[in-house]
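Asks: Let me begin by handing over the structure; questions about it come next.
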Amino acid sequence: MSEPSATVAPEKPDVAGALAWARARIAVMDARVLLRHVLQCPPARLVSHPEQRLDDADWQAYRELVERRVAGEPVAYLVGEREFFGRGFLVTPAVLIPRPETELLIELALAHFGSRPRPRVLDLGTGSGAIALTLALELDAADVTAVDASREALWVAMANAARLGASVSFVQGNWFDELEGERFQLIAANPPYVAADDPHLAEGDVRFEPRGALAAGPDGLDDLQHIVAEASHHLEDDGWLLLEHGHDQAAAVRGLLTDAGFSAITSWADLAGIERVTGGRWPGRH
Ligand code: GLN
């Protein structure tokens, strides 16, 4: 049997033909994920039924998605979903696409707070809600608040909360601005931390993500600095601040925490071996 020709778009392709056409243009994984999305079928079906014909509407929809992927749009936006910590999160271009390295923040939060009853938790810059909702679902009876400055992002996070059955309080505001007088045992954040002139912002999938969720001043530290400076007013004694940051910012963030009076300051490496999360305990005024 000869491989279907991939250069010309076939007339009425079957699954194998459509995939061969797409694989000549985009990564094979992306070709499969997009086809599964169009056909709304489980992964095994593409393998078990390569001879299944696509109807005209599906083939048209698939070609459009492949072309958008060729133009650089992230797969997560094209299918409207990305997995994080084992759950599917709705995503739109109003929110950053959840990253696997952010799962480290979750693991650390669970390690520190997994055994505390009803911890009060704050997620700053929640975006899709990946951090806040995961903690609400993983921690026992946690009281979780999620803040974002973007109303569009909060709509996405709320839709995810409804979909996943997570109970979280949502607040629209800039970092701590709407949290006057409120204190938490854990404050977690994956704030913008890329330097504004970082060429990475103009490359690949990142171009399609909200710049306000990525860029933070000349050295990428503006928001991290702001959060560390304010956090002590919103942490209970012995509460923790856990911050995700860029690959070369761990020492700078440890310095910020030291200057602000935190103790037990530590950086943790992600799966790629890069120091990705730095945290500290607020000793309080005792
Ligand atoms: N890790 C992301 C990136 O480099 C940045 C996420 C962020 O700024 N919080 O694309």
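Cβ atoms here come from the backbone N, Cα and C positions, even for glycine.
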Asks: Same S-adenosyl-L-methionine site as Gly125, Thr126, Gly127, Ser128, Gly129, Trp175, Asn190 according to TrEMBL: which of Asp148, Asp219, Asp222, Asp237?
Replies: Asp148
Asks: Quiz question: given the binding-site residues Gly125, Gly127, Gly129, Pro191, which has the greatest number of C-beta atoms lying within 10 angstroms of its own C-beta?
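Replies: Output for this query is Gly129.
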Asks: Kindly state the mean pLDDT of the domain 'Release factor glutamine methyltransferase N-terminal' (27-80) in the predicted structure.
Replies: 95
Asks: Asp148 (S-adenosyl-L-methionine binding site) to Tyr193 (substrate binding site): how many Å between their Cα atoms?
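Replies: For Asp148 (S-adenosyl-L-methionine binding site) versus Tyr193 (substrate binding site), the Cα atoms are 16 Å apart.
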Asks: For Pro191 (substrate binding site) and Gly125 (S-adenosyl-L-methionine binding site), what Cα-Cα distance in Å is obtained after rounding to a whole number?
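Replies: Per the Cα atoms, Pro191 (substrate binding site) and Gly125 (S-adenosyl-L-methionine binding site) stand 6 Å apart.
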Asks: Starting from the substrate site formed by Asn190, Pro191, Pro192, Tyr193, give every other residue of that chain whose CB sits within 8 Å of the mean position of their CB atoms, in sequence order.
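Replies: Here the non-site neighbours turn out to be Gly125, Ala189, Val194, Ala213, Leu214, Ala216, Asp223, Leu224, Glu244, His245.
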Asks: Far apart in sequence but close in space: which same-chain residues, 6 or more away, have a Cβ under 8 Å from Pro192 (substrate binding site)?
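Replies: In sequence order, the residues whose Cβ lies under 8 Å from that of Pro192 (substrate binding site) (at least 6 apart) are Gly125, Gly212, Ala213, Leu214, Ala215, Ala216, Gly220, Asp222, Asp223.
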